[in-house]
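For reference, the structure is listed below as structure tokens.
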Amino acid sequence: MMDLKTKAFDISQNFTISLDGPAASGKGTIGLMLAKKFSLKYFQSSIVYRQLTFDCISQKIDITDIDAVIALSKRLKLDNNLDLENENIGDIASQIAVISEVRNNLNKYLINLVKTTPRIIMEGRDIGTVVAPDADLKIFITANPDIRAERRYKQLQAKGKACILDEILQQIILRDKRDKERKVAPLLPASDALIIDTSKLSAIEVVEEITHYMQIIK
């Protein structure tokens, strides 16, 4: 039996990676690097929640109107031309994500995407536990909240977006609380996931650690 690294490099093989972790833990950068390294499609599951949030705002649907939000989640269509990387949208999306019916509806979309995409790395909060429990490789990325807030602050500044570091930190702490305490698919690593704390590691070092792990797992 071939090791995971060999299988991942073989583009004739189906290969799925689940990449979970809290906000601003470095998942995006690491996910893109792994996708490029192994020629995988990269998909952020948070996009479906951000799209739903954008749709609620544009259609003037109050997120406290649970029935309306649930109904909208059943007919989600992604618009790849939108810029959904907005802290306000992200904060509202994390509130919508705790609605169990919404999460179930959007997870159906994500599960179908994984099943119909032969080679994919999907990033999110519950990919390894719910969306792709049979993934070839499951990774859980974490980091200190202060480090994560600083990373997000620098990302937003680089994009020319106004932001305040302390506000970002408070949003991250609140999002962590919501993610960990929600009744449906709370944020936690799969029992067989590789867990990496990126607080003191560069993205390159993390990818190297993952690649080494893949060499010894079959």
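Any Cβ shown, glycine's included, is placed from N, Cα and C.
Annotation source Swiss-Prot lists ATP binding site at GLY21, PRO22, ALA23, ALA24, SER25, GLY26, LYS27, GLY28, THR29, citing sequence analysis. The 10 Å shell around the Cβ of GLY21 (ATP binding site) contains 28 further Cβ atoms across the protein chains shown.
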Specify the count of other C-beta atoms within 10 Å of the C-beta of THR29 (ATP binding site).
18
Any idea what DSSP makes of LYS27 (ATP binding site), helix, strand or coil?
helix
Using Cβ-Cβ distances, find the residues under 8 Å from SER25 (ATP binding site) that belong to the same chain and are at least 6 apart in sequence, listing them in sequence order.
ILE141, THR142, ALA143, ARG148, THR198
